[in-house]
């Protein structure tokens, strides 16, 4: 079905406005219900949406790519605080882990204050964390300032920006997602140059202070993310559930109901138990993250430890970013074709397998030509993995369950993102060789890819056999996972900008 057409030229132009403040009034006696008014949104699929897309690209460049660029200051931090590889690696590890683990908290802020305010608050928080970290006196101070505070700010800005982008685009959503994913590549190609220049002129303390100011640009990006204009609200009846228990029993009941509602909405534990495809995918992604980002953290220290000039080592990360910028947009358009429908997970697994094997190239030599071949291979496969990850998740669960599914995966992968770099640091401290780190990452990522490929092939074969047996007996087959083809996106008003899924039929 085609999305409903706007009824005026103003709506056709994609003009946006703040939700009306009177929506939540006159609900009648009794406790307020978030189902009292149902507001749907027309996604512009253009217009101001292009401005929001550019802002989202910049937010992703400043947030997702930043932890990988901490490697520029890796040796400086070791010398300053006399820290081991394991102790130093906790800094980007905590930052990356908090960036993903803060998803449920970010979701609560988006519901209460809206995407725009959440992105701007994240920019303030991350900028403050980096600025304060320049005055750190111990490696533990960096864990708190650079790791927790800055990482939490990254989480708020990144996830809220991706959320509002989905409200602006429905028909062009695959293209918008592919373009926004180039933000990470843009950061990887520019931040290493900036970090290397600042490090050579200001040292790591001055660099962190300047980078804190740079991160405040997330506030500028968030300021342009206006909420989508709502259509006419549809009122629904507020049903009374009868007399409510009084006293302590009522208080305890409300607490448990609120906790259960929170877990269902933001962490899809019931979906993890009932949907085998989502269970396999979430476990595979969690396994993958154990070694997926570690090479990006240790690439520059590995190169500089073998007497490579720091500027040339930083150039390797920039080349990796440029490869992603070039490859991701056409990959996103290519995999939007109908032929790839139902096959996304196999291309994702194949790209992930190649990505894992590419880490073993670093074991050959630490010379610039060898590492250049490594970043080209790693960058190509990383582009495919990054472009297909959310697409595979959307193929695995219903869109109505996507936010909670993403929240659970973020929590699960944050654990392996937290322990991966420190485990690699312990390996370097014990062996004095970086090559073992890249070999371990190669094995871990490649095995996770094989796990995904074999598991989904078995699930597909099982479903096909079940369908054939049911058709032979004359009874319709019951699908293992019900995936609706026509999605109705709707939003429930909140006290913020009410940025929920836009109402359109695909």
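The backbone N, Cα and C atoms fix where each Cβ goes, glycine too.
Positions annotated as domain 'Major facilitator superfamily (MFS) profile' by TrEMBL: 51-460.
Taken from TrEMBL, the feature region 'Disordered' applies to 1-36.
According to TrEMBL, the transmembrane segment annotation covers 48-75 (among others).
The transmembrane segment annotation in TrEMBL covers 117-136 (among others).
What TrEMBL records for 142-168 (among others) is transmembrane segment.
Feature annotation from TrEMBL assigns transmembrane segment to 175-194 (among others).
Summarising the annotation, TrEMBL assigns transmembrane segment to 206-225 (among others). With a cut-off of 8 Å between Cβ atoms, the residues of this chain six or more beyond the transmembrane segment (206-225) that come close are 51-52, 55-56, 58-59, 62-63, 66, 73, 115-120, 122-124, 126-134, 146, 150, 153, 157, 160-161, 164, 194-195, 198-199.
Per TrEMBL, the feature transmembrane segment maps to 280-301 (among others).
The transmembrane segment annotation in TrEMBL covers 313-338 (among others). Sequence-remote contacts of a segment are chain residues at least 6 beyond its ends whose Cβ falls under 8 Å from one of its Cβ atoms, and for the transmembrane segment (313-338) they are 65, 68-69, 71-72, 174-175, 177-179, 181-182, 184-190, 192-193, 195-196, 296, 299-300, 303-304, 344, 347, 368, 371-372, 375-376, 378-380, 382-384, 386-388, 391.
Here TrEMBL flags 345-368 (among others) as transmembrane segment.
Summarising the annotation, TrEMBL assigns transmembrane segment to 374-393 (among others).
As annotated by TrEMBL, transmembrane segment applies to 405-428 (among others). With a cut-off of 8 Å between Cβ atoms, the residues of this chain six or more beyond the transmembrane segment (405-428) that come close are 84-90, 92-94, 96-101, 103-104, 107, 266-269, 271-272, 278, 281-283, 285-287, 289-291, 293-294, 297-298, 390, 393, 396-397, 434, 436-437, 440-441.
Per TrEMBL, transmembrane segment is recorded for 434-459 (among others).
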Request  = Rank 48-75, 175-194, 434-459 by Cβ pairs under 8 Å to the transmembrane segment (280-301) and hand me the top one.
outcome  = 434-459
Request  = May I ask for the residues of the chain that lie six or more residues beyond the transmembrane segment (48-75) and have a Cβ under 8 Å from a Cβ within it?
outcome  = 14-16, 88, 91-92, 95-96, 99, 119, 122, 126, 146, 151, 154, 157-158, 161-162, 164-165, 168-169, 176, 179-188, 190-192, 195-196, 199, 204, 207-208, 214-215, 217-218, 221-222, 224-226, 293, 296-301, 304, 310, 314, 317, 321
Ask   = Looking only at residues six or more beyond either end of the transmembrane segment (175-194), which have a C-beta under 8 A from one in the stretch?
value = 49, 53, 56-66, 68-69, 72, 162, 165, 168-169, 211, 214, 300, 314-315, 317-325, 328-329, 331-333, 336, 383, 386-387, 390-391
